[in-house]
Amino acid sequence: MESIFHEKQEGSLCAQHCLNNLLQGEYFSPVELSSIAHQLDEEERMRMAEGGVTSEDYRTFLQQPSGNMDDSGFFSIQVISNALKVWGLELILFNSPEYQRLRIDPINERSFICNYKEHWFTVRKLGKQWFNLNSLLTGPELISDTYLALFLAQLQQEGYSIFVVKGDLPDCEADQLLQMIRVQQMHRPKLIGEELAQLKEQRVQKTDLERVLEANDGSGMLDEDEEDLQRALALSRQEIDMEDEEADLRRAIQLSMQGSSRNVSQDIPQTSGTHLTSEELRKRREAYFEKQQQQQHPPAPLSHPRERPTTSSGALGSDPAGDAMSEEDMLQAAVTMSLEVVRNNFKTEGKK
């Protein structure tokens, strides 16, 4: 509906908006309407002067303000009627008994001018559709054919005076365009006062929010969220530390298991703080086994060789005196030594 001319309310110039919305263009200004009002005032003064310029009625008339206009911008029905005569148009009171007896369907008219408490607005047919062109609305309001009669009846009930505009209105772009297409209106326009009040309320709410944020330095409202975040980060760090300790222990056990499954003998002196491979750990365990066996079973004279009995499982037999270590004890000692070496290596790497 962009092609429809619609003047919105400014001050109390509703009569000007009513005429221009009816004619679909900027046909009248306040100056031109004021000129018509002054002309009407002069005609009324001349008629009153016919009764004598010294009469009481004439002096009273001169003391009264103009009935055709005021300082706010209001213009009378006489001003509107005379303005329309320039275009060959006349006004007929729609809700008069004389017109109602004609029983003319409102849909067969072309436009109406409505007035209530010094406010004027136009209802006009453009193309094949009716529109409420009230200057107090944010835009044209579409009125269906079936709703038009009900709309006018409602205005009459509210005390509006309704005038039918008779004559040929000047051509306009909106009328020509809407002869070919029909428009649909998804959202009804609001009253300008309602829209302004809504915008004002939104601005007040925004200002209040900005004031609260400023008072809290932009962070007061977020203290609780920040505390939750700090707690989550602390728990996350604890979980990472536990995972690191578990990983260290798994690596130590894995090295010990790898070392116990191989058999290579070579005695390498142990040095604290040296990084040992699984091969080196295995060699140290074998050296430890040999040293323990030599201490517990010294070599016998060659003329009396001593054979150590074995069990069916291949385990080393124990000495009758009960001093020899079993293979299980030696393996346990080797694992303990391996874990101790790995822990020392981890501690050394951590210090670096």
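Cβ atoms here come from the backbone N, Cα and C positions, even for glycine.
Nobody curates TrEMBL annotations by hand; they come from automatic prediction.
Counted within 10 Å of its Cβ, the other Cβ atoms near CYS14 (active site) come to 22, all protein chains included. Sequence annotations record features per position, and here TrEMBL assigns active site to CYS14 (among others).
The active site, nucleophile annotation in TrEMBL covers CYS14.
Other Cβ atoms within 10 Å of the Cβ of HIS119 (active site, proton acceptor) number 18 in total over all chains. Among the features that TrEMBL reports, active site, proton acceptor is placed at HIS119.
The active site annotation in TrEMBL covers HIS119 (among others).
In sequence order, PHE121, THR122, GLU141 are the residues near ASN134 (active site), counting only same-chain partners six or more apart with C-beta under 8 A. Taken from TrEMBL, the feature active site applies to ASN134 (among others).
Look at TrEMBL and you will find 226-255 tagged as coiled coil.
What TrEMBL records for 258-276 is compositional bias 'Polar residues'.
According to TrEMBL, the feature region 'Disordered' maps to 258-277 (among others).
The region 'Disordered' feature in TrEMBL is assigned to 289-331 (among others).
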